[in-house]
Each structure stands twice: as C-alpha cells, then as structure tokens.
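Structure first, then comments.
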Amino acid sequence: MIVVVKLGTSVLTGGTQRLDRAHMVELVRQCAMLQKAGHKVVVVTSGAVAAGRELLGFPDLPADLPHKQMLAAIGQGQLVQLWQHLFGLYGLNVGQMLLTRADLEDRERYLNARDTLGTLLSHGVIPLINENDAVATNEIKVGDNDNLSARVAILAKAELLLLLTDQPGLFTADPRANPDAELIQEVKTIDATLHKLAGGSVSGLGTGGMATKLQAADVARRAGIAVVIASGHGVDVIGRLVAGERVGTRFSPIEDPLESRKQWILAGPPPVGRLQLDDGAVRALVDKGASLLPKGISAIHGRFERGDAVALLAPDGHKLGVGLVRYSAAELTAILGVHSDAISMALGFDRGAVAIHRDDLVLLG
Ligand SMILES: Nc1ncnc2c1ncn2[C@@H]1O[C@H](COP(=O)(O)OP(=O)(O)O)[C@@H](O)[C@H]1O
Ligand SMILES: N[C@@H](CCC(=O)OP(=O)(O)O)C(=O)O
C-alpha cells in the first residue's frame, strides 16, 4: 500500500518552539516498520519555519511573508538533514521534493512531479515533501501542508492519507475551547455543517487547523483515497492506522473515483473566475452529464483566459463544480446566453459549441 503521512508542525514540535527530535525518531521507526512490511511511505513534513526559528535562537521577527520565507529557507535544510540522518539509521534513503501550486496547476509540470515521485517510490526511497516556502508568494502557494498532502497523495497514487496532528481527530468543536466536544469517528459526507465545526489553528504553530484538513480530505476522497485525521503522538499510530484500526476520524473514499485528468482539475489549477448558471444548465450538467453551453451562463465574474479553471455556481450561489473554459472571459461575455449556432456570428470566430466540455468539468456533490 502507498501511504502518505503528513506531519504537522504541532506533531514535530510537540507544541514547543523546537523540533522534538525524540519523537521524530519514533515516527521514523514507525515509517521504517511499514517499509519493511512492504508498504511505501511518502512523508509530507512541515516544520521548516519552526526549525529556522530554533536555529536562529528565536529572534523577534515580524510575522510577515519575507521573514517567514527567510526562516523556511534556513530551516528546510536543517529539517531535511535531520530526517536524512534518522531514516539513515534504518538504512533508508530520503529524496526531497519542494513543491508549490505552480508545479501542480500546469498539467505537464504536474505529470513531471508525478513521475519523480513514482521513481523515488519504486526505488524504495522515502519522498520528503514540503511547500517551497522560500520562493512561494501567496499567489503561487498551496498555502498549507494539509491541502498539499492531498495533492501529493493523488500524485503518488496513494491508497491512504494520514493527517497526523496534535488532536486525536476531528471533534464536534475545537476541543481547546470546548472540553465537551466529541470525537467524530467516521465521516461519510463532507458538507457545510461539517465545515462549520472545523476551526482554524490557534496554537500559533500550525497553519489552517481542522479547516484545511477537511478541505484536504474532501479532495483526496474524490480521488478514491481513504483519509484519517489522528494524533501523531498515539502509540504506534501509523502502523495501527495502516492495519485499519479505528483510531481518529476516518473518511471513506468515494467509491467511483474521478479519472486522472479530472483529479488534476480538482487538485491543480485554482479557479480564477466564476460562472453563474441558469436552472436549465444546472439540470443539463447534473442530470444529463452534458457539457456547458454559453446559452446556459447567466453571469461571468473575474478575468480568465482560455484554458483557465473557473468555478460553476448554481442560481442560488452554491458551488456546483470546477471546469476549464474554452473561451476567455471577454469572449464569453460576448456570447453569454447565445445559442451555439450564433457563436461565430457574435465573435467573428468559433472555438466550438461548448464553453466547458464535459471532459474538463468536475462536479462536486
Ligand atoms: N473541530 C475541531 N476538532 C479538533 N481540532 C480543531 C477543531 N477546530 C479547530 N481545531 C484546531 O486544529 C488544531 C490542529 O491544526 P494545526 O494547528 O494546523 O496543526 P498541524 O500543525 O498539525 O497542522 C488543533 O490544535 C485545534 O486547536
Ligand atoms: N511549510 C511550512 C508548514 C506549513 C503548514 O501547513 O504547517 P502545518 O499546519 O503545521 O502542517 C513549514 O515547513 O514550516
């Protein structure tokens, strides 16, 4: 089985300001046991900023992007060196891959990253993955390692994604503020009610809290990957989760997973615009599995070019899905509501009858 293990800053520091080396040894032991049993492990490791801060002796720096990038640039080397040393004790090699959203949104770069990851795995090397924080500005960032790990799980063609953190799982409310909150053991559907339960990070160490873990789980399970959120401090937690033990919060995969290109549409390009659809278009897309025609679009928001990803909104405003457009925003504005036969008349040229082809469309539901 290919397993992606995402280790949050909260796990790697144990809530302190420093990397918890003793615990990292224990996590490496667990991963090595899995490799020995014939599984393949990919580690998505946070902790670069924490390691940088530790090396500099906790300087009092502004919390702005340039200083975070500086800390990540300093800390990433430290972090990987440490992992390399610890995995080396078990005779395992590691291979570092630093990714950003820009590596995932272009289909060719996405496939290149997938090849490298596959080659590392086929040679028994442990891929160590983090966001390339030193160069990633907000525009090109995935932004948090929960969402990054879901994309990595898709790239690695993993069966299981473990989001290991400082809580035993997803609770009915943030247990730090609500002592009565209860652990949710199993999630079958991720809806707006569930999203409301999942709060942000309050420790000052992590990024995104449970909110980003839920987003990550939603992306991974649509690709047919099971996801568990659990405590990174549980005894033998990695091996027990791989063995299928009921620990933490488990999200079962969607049974009819998206095909590869659609997984990329969901995981790669960020939507840069929004199309408001009319009722007829919603019925055609949802009930008949049709492509989206310009005549079913009632409004266009944002500036996008041909090939960009856009979000599709139902008349009541809820997000129906994501798709890659065949016309730019300016072109679509000129043919909004126009019947397919009249497109070339309105534009002076014709890129085909559909605004978004069915093959370039992912419906969320
Ligand atoms: N419903 C919830 N259940 C559990 N934890 C929650 C919930 N809502 C918010 N949290 C917070 O999410 C935090 C874990 O996320 P985060 O700080 O980003 O850690 P990590 O570094 O592991 O990604 C917990 O410490 C907790 O305070
Ligand atoms: N890339 C950053 C961590 C980003 C992140 O998502 O952190 P976390 O929520 O602790 O998994 C780092 O290495 O410090």
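Glycine residues also receive a Cβ, built from the backbone N, Cα and C atoms like all the rest.
Pulled from TrEMBL:
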type	residues	note
BINDING	Lys6, Thr165, Asp166, Thr207, Gly208, Gly209, Met210, Ala211, Thr212, Lys213	ATP binding site
BINDING	Ser46, Asp133, Asn145	substrate binding site
DOMAIN	273-356	domain 'PUA'
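Closest to Asn145 (substrate binding site) by Cα-Cα distance, out of the binding-site residues Asp166, Met210, Thr212, is Thr212. For the recorded ATP site, residues Lys6, Thr165, Asp166, Thr207, Gly208, Gly209, Met210, Ala211, Thr212, Lys213 set the reference point as the centre of their Cβ atoms, and the other residues of that chain within 8 Å of it by Cβ are Gly8, Asp144, Asp146, Leu163, Ser201, Gly206. Within the set Ser46, Asp133, Asn145 that the record links to substrate, no two Cα atoms are more than 11 Å apart, and one pair reaches that distance. In the predicted model, the domain 'PUA' (273-356) shows an average pLDDT of 93. Selection of the binding-site residues Lys6, Asp133, Asn145, Thr212 by a Cβ distance under 6 Å from ligand 1 yields an empty set. The two recorded residues Lys6 (ATP binding site) and Asp133 (substrate binding site) have their Cα atoms spaced 17 Å from each other. With respect to their backbone Cα atoms, Asp166 (ATP binding site) and Ser46 (substrate binding site) stand 13 Å from each other. Straight-line distance linking the Cα atoms of Thr212 (ATP binding site) and Ser46 (substrate binding site), rounded to a whole number, equals 14 Å.
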